[in-house]
Amino acid sequence: MSKVRLAIIGNGMVGHRFIEDLLDKSDAANFDITVFCEEPRIAYDRVHLSSYFSHHTAEELSLVREGFYEKHGIKVLVGERAITINRQEKVIHSSAGRTVFYDKLIMATGSYPWIPPIKGSDTQDCFVYRTIEDLNAIESCARRSKRGAVVGGGLLGLEAAGALKNLGIETHVIEFAPMLMAEQLDQMGGEQLRRKIESMGVRVHTSKNTLEIVQEGVEARKTMRFADGSELEVDFIVFSTGIRPRDKLATQCGLDVAPRGGIVINDSCQTSDPDIYAIGECASWNNRVFGLVAPGYKMAQVAVDHILGSENAFEGADLSAKLKLLGVDVGGIGDAHGRTPGARSYVYLDESKEIYKRLIVSEDNKTLLGAVLVGDTSDYGNLLQLVLNAIELPENPDSLILPAHSGSGKPSIGVDKLPDSAQICSCFDVTKGDLIAAINKGCHTVAALKAETKAGTGCGGCIPLVTQVLNAELAKQGIEVNNNLCEHFAYSRQELFHLIRVEGIKTFEELLAKHGKGYGCEVCKPTVGSLLASCWNEYILKPEHTPLQDSNDNFLANIQKDGTYSVIPRSPGGEITPEGLMAVGRIAREFNLYTKITGSQRLAMFGAQKDDLPEIWRQLIEAGFETGHAYAKALRMAKTCVGSTWCRYGVGDSVGLGVELENRYKGIRTPHKMKFGVSGCTRECSEAQGKDVGIIATEKGWNLYVCGNGGMKPRHADLLAADIDRETLIKYLDRFMMFYIRTADKLTRTAPWLENLEGGIDYLKAVIIDDKLGLNAHLEEEMARLREAVLCEWTETVNTPSAQTRFKHFINSDKRDPNVQMVPEREQHRPATPYERIPVTLVEDNA
């Protein structure tokens, strides 16, 4: 069977999604795929385009896994544009003079930004907000500018305004309509959004018709002149006034094009030529062009199914949207303007908290038609499902948007009421039925469901509903959703933390007597030991705490494969003096230890006998060192590059900040180990974005990333805050650390903790930055108290003779373990293998 020649014109988000869907459902060997990628880089995420200003690396936005196209034999023509299509011969001619033949053609040409016919709009320092190249040009211009304007007060316009504000520009938004986001919000919602945005320093000008832009000004380089006679001087202008389908190729080759633009498609996404499909913003279905990515993804799925002979149809798309604009949560659902005949409204307004909510319901009060949410979108998921699935409303619909008081909860739609066809994840078109099928296959955690179905791996907004579906299905199957720590405590780790803190419990025995049963086990003892340390930070080798410690904490060192231990003193930020180096060398030589520089920028000594540990540490402490907590569930290190102190590219003192942070948080017990990274510029030599906490210097301060991870399951850290000063950075870190300590499950790193946190990074931002839970003052106080209690555990041990008896090999003998054997290698030594070991006589012959 010959391969199907498949050509794809366009390598944007929808074009790439088509390829992914195709390869999910069919073998790449069945196709000969050629992709025209007009831009200088392969598919990237335009939805999160503004984040580019934070990390300045196109790779961060890339949608294509490394080696993906090569692995599947896909030919991608980067920087090459399709210029003509010969439908009779089924051949495409490119800007590079190439000819590509096809059996099936996918047109995913997207859209182009429309600029109103304003005189002067094509002059220097006038931009659009569409590609990475656009953002580079805007940022370059911003460096020599003070004042900028965004023409257009819709979704993308406000996103662009947020980017300009973050660049330090005096920002103005110019909107032709009398309100912002006129398509998604009603009048009151638009006014509330305007007030919130203006309170952040962005100037908003509505009902403004721009007549011309002239290259002159007293305080700036340009002057915008409006129809009402007013003027505004700015240095540069960003246009965000809508999009138009890119259908020129279709017109040239004779395909049907809609009167208002867009390549006409049927329910199978076929054009007027059955061998040519159109998907995404270039397509017109029933005279409608969809400017959001989710409908484009659905079109890609339909086109794939039709090519493979499966039944599927595009039936339109819901254009509801939830997003954060300039830090303001905004949501619009369904008939947000109440245009349905007989529609009635319920309105909630809290001026003190700047929250506005409106429900639009049917005349009989039984069906939700639409909603407007400004300032708080926590109800968005439930309200959207009510609209999409026409679920009957409760007796008092206003209860859906009124705040819950005195512990009373809001009425829930109940996931059982949702049909299996209900779309839970719009990013990947995952239905409730898809989730149930995955649960029946054994996916019994949110993380497992995400891996199996991709639900929640896009914008993350569906995670609360995914969790509800999971818990409901597990309950139906009789699988108890139990987060108890173990059989001895009917509480979760988080609940035990609060019991210990509130009741001032200081020992395992006291906690067991008050809230547990039995004698404890290998699960609860080390967990409670960690909790007690996280709450009170007492010396872990106190007699009442010693039985709770695992093997490493028991001896304040990591046990190795041969029964010896490693010794790793702290070197904050990777900094160490020549005297310190010589001291480590002398000690390693004296005790015959193997030495190595670790991946954490620390000097490690291996092969220490247990009974030598106190003396080794006594000498290290005398040389100015302290424990590095390499054995503990705590901060291990803050890895740094040399930063602006030495590097000609550095823009921030990464070493200085790394040293400060490592010393600030050292010795504080956390649910799992933590690693920090601090980079002095975006070249990222300390690999900060692969750490639990990553900090990168910018021209304006520091970018703070959290919940990254290396190891077996690498995870890129999420940006928590951008361009913040040192004081704000430390404040956010104090809160983040304590919130993690309070809420994470036992032995959970920050990466899976965030992945299982309902609301993900947006929720974490709301807690840490916006104080959503009203906890920040308490979190800062708890961190301050823990820091005051920090001690070097080895200093305490060396100064406590009774604590050193545990380091003897044998209770009744001063002899050492004869099974420890070393062999030489590369001028040092290592543990002997079983084949290299010399037999040991354990019983002496006294004859």
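The first residue you see is number 1, and the count goes up from there.
Glycine is no exception: its Cβ is also placed from the backbone N, Cα and C atoms.
Copied from Swiss-Prot, the annotated features are:
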type: BINDING; residues: 44-79; note: FAD binding site
type: BINDING; residues: 193-225; note: NAD(+) binding site
type: BINDING; residues: CYS425, CYS427, CYS459, CYS462; note: [2Fe-2S] cluster binding site
type: BINDING; residues: CYS641, CYS647, CYS681, CYS685; note: [4Fe-4S] cluster binding site
type: BINDING; residues: CYS685; note: siroheme binding site
(request) Fill in the CA-CA distance, THR223 (NAD(+) binding site) to CYS462 ([2Fe-2S] cluster binding site), as an integer in Å. (result) 45
(request) Show which residues of the chain containing CYS685 ([4Fe-4S] cluster binding site), separated from it by at least 6 in sequence, have their CB under 8 Å from its CB. (result) CYS641, SER679
(request) Find, among the binding-site residues listed as CYS425, CYS427, the one whose Cβ has the highest number of other Cβ atoms within 10 Å in the structure shown. (result) CYS425
(request) Identify, in sequence order, the residues in the chain of TYR69 (FAD binding site) that are 6 or more apart from it along the sequence and have a CB within less than 8 Å of its CB; answer 'none' if there are none. (result) VAL35, ILE42, LYS75, VAL76
(message) So among LEU49, SER54, ILE74, GLY79, CYS647, all listed as binding-site residues, which is physically nearest to LEU193 (NAD(+) binding site)? Use the C-alpha atoms.
(response) LEU49
(message) Excluding near sequence neighbours, so keeping only residues 6 or more apart in the same chain, what lies with its CB under 8 A of LEU49 (FAD binding site)?
(response) LEU61, TYR129, ILE132, LEU135, GLU159
(request) Spatially speaking, which of the binding-site residues SER54, VAL64, GLY79, ARG203, VAL218 is closest to CYS462 ([2Fe-2S] cluster binding site)? Use C-alpha to C-alpha, please. (result) VAL64
(request) Out of the binding-site residues TYR44, GLY79, LYS208, VAL218, give me the one sitting nearest to CYS647 ([4Fe-4S] cluster binding site) by CA distance. (result) TYR44
(message) Please list, in sequence order, every residue of the chain apart from CYS641, CYS647, CYS681, CYS685 whose Cβ lies within 8 Å of the Cβ centroid of the [4Fe-4S] cluster site.
(response) VAL642, GLY643, TYR649, GLY650, SER654, SER679, GLY680, ARG683, GLU684, SER686
(message) Can you tell me the CA-to-CA distance separating GLU59 (FAD binding site) and CYS425 ([2Fe-2S] cluster binding site), as a whole number of Å?
(response) 25
(message) Let me check the 10 A CB neighbour count of ILE213 (NAD(+) binding site). How many other CB atoms are there?
(response) 22
(message) Among all protein chains shown, how many Cβ atoms are found within 10 Å of the Cβ of ILE74 (FAD binding site), not counting that one?
(response) 19
(message) Could you check which of the binding-site residues GLU198, ILE213, VAL218, CYS681 is the closest Cα neighbour of TYR44 (FAD binding site)?
(response) CYS681
(request) Out of the binding-site residues SER54, VAL64, CYS425, CYS427, CYS681, give me the one sitting nearest to ARG203 (NAD(+) binding site) by CA distance. (result) SER54
(request) List the residues of the same chain that sit at least 6 positions away from LYS208 (NAD(+) binding site) in sequence and have their Cβ under 8 Å from its Cβ, in sequence order, or write 'none'. (result) ILE174, GLU175, PHE176, PHE226, ALA227, ASP228, SER230
(request) Just give me the nearest neighbour of CYS425 ([2Fe-2S] cluster binding site) among the binding-site residues VAL64, ILE74, ILE213, Cα to Cα. (result) VAL64
(request) Could you tally the C-beta atoms, other than its own, that fall within 10 angstroms of the C-beta of CYS641 ([4Fe-4S] cluster binding site)? (result) 29
(request) By CA-CA distance, flag whichever of SER54, ILE74, GLY79, CYS427, CYS681 among the binding-site residues is nearest to ILE213 (NAD(+) binding site). (result) SER54
